[in-house]
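*Asks:* So Swiss-Prot lists the following for this protein:
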{"type": "BINDING", "residues": "Thr144, Gly165, Asp187, Asn229", "note": "S-adenosyl-L-methionine binding site"}
Amino acid sequence: MPWLQLRINTTRELAPRVEYAMAKSGSLAVTLQDNADHPIFEPALGETPLWQETRIVGLFEADTDTTAILELVLKKSGLSEAQHQWHILEDKDWEREWMTHYQPIQCGPGFWICPSWTAPPDPQAVNLMLDPGLAFGTGTHPTTFLCLQWLAGENLANKTVIDYGCGSGILGIGALLLGAVSVTGTDIDPQALMATQENVKRNNLPAESFPVYFPDKCPENPVDIVLANILAGPLVELAPALSALLKPGGRLCLSGVLETQKDDLLAAYEPTVEIEQVFQREEWICITGTRRALKSAKE
């Protein structure tokens, strides 16, 4: 059965009113989109920005009275008129549609990320079989790829790891397959913790090798490697905590950061971490370094 989309173009200032009106007028879902190709990569702390030209898209059932719904949306938003368009959305198996576009990715020599529904291109390689589910982390995003590429070049034999903001578990599972002895995962999203556990099982790894926790329950024992692919704001705030999770000489890998945010990250971590490399892919970067030796009380 097809669906109907009502698309209303508006300004940043009016967008919340139109969004509220759409939600109160029987829409099954409401989405806000950029209407002028002005990307917002990450809001500043405490902000929830919108695009100056914003498109509000409401999803309605196919038998919707379009005239009546438009009038109701305008009335509830307090507008006399609005630039709008009704669009027919053909019904599809969206999960299958998405699956056709997700292909194996090589992240290093002999190291592949493969969707669980495809055969690995190189059966003899280290193949991480992944079903992302509802959490982030498929290997396609530049930040995930940069972290995986770094892991592929490290000696992980018998290393202990924390995957902070584990999402689908892709980084931690990659570390285990590349030789790490154990990974501790943490995330604020329960769906992410579930996806991680499912992907651990999918890769035939023992559940005890990758326990997962909410951040307030995560063990604080220092480890050899900390991976954190989240956002710049949280990474800056978490600098003392993430540094404290590293043994002296332990390795840190940070991503989820735009090149324009590099200086803020470096300033936050340089007191405790010797920054070694900054990798870049498109506009995103990955920062790696080594935990400095702890200062003695006499120092």
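Backbone N, Cα and C define each Cβ position, glycine as well.
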*Asks:* Counting across all protein chains present, how many other Cβ atoms fall within 10 Å of the Cβ of Asn229 (S-adenosyl-L-methionine binding site)?
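*Replies:* That number is 27.
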*Asks:* For Gly165 (S-adenosyl-L-methionine binding site), which residues of its chain lie six or more apart in sequence with Cβ-Cβ distance below 8 Å?
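*Replies:* Non-local contacts for Gly165 (S-adenosyl-L-methionine binding site): Thr186, Asp187, Ile188, Ala228, Asn229, Ile230, Pro234, Gly256.
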*Asks:* Among Thr144, Gly165, Asp187, Asn229, which the record lists as binding S-adenosyl-L-methionine, how far apart in Å are the two most distant Cα atoms?
*Replies:* 16
*Asks:* For Asn229 (S-adenosyl-L-methionine binding site), what is the secondary structure by DSSP, using just helix, strand and coil?
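*Replies:* Assignment for Asn229 (S-adenosyl-L-methionine binding site) reads strand.
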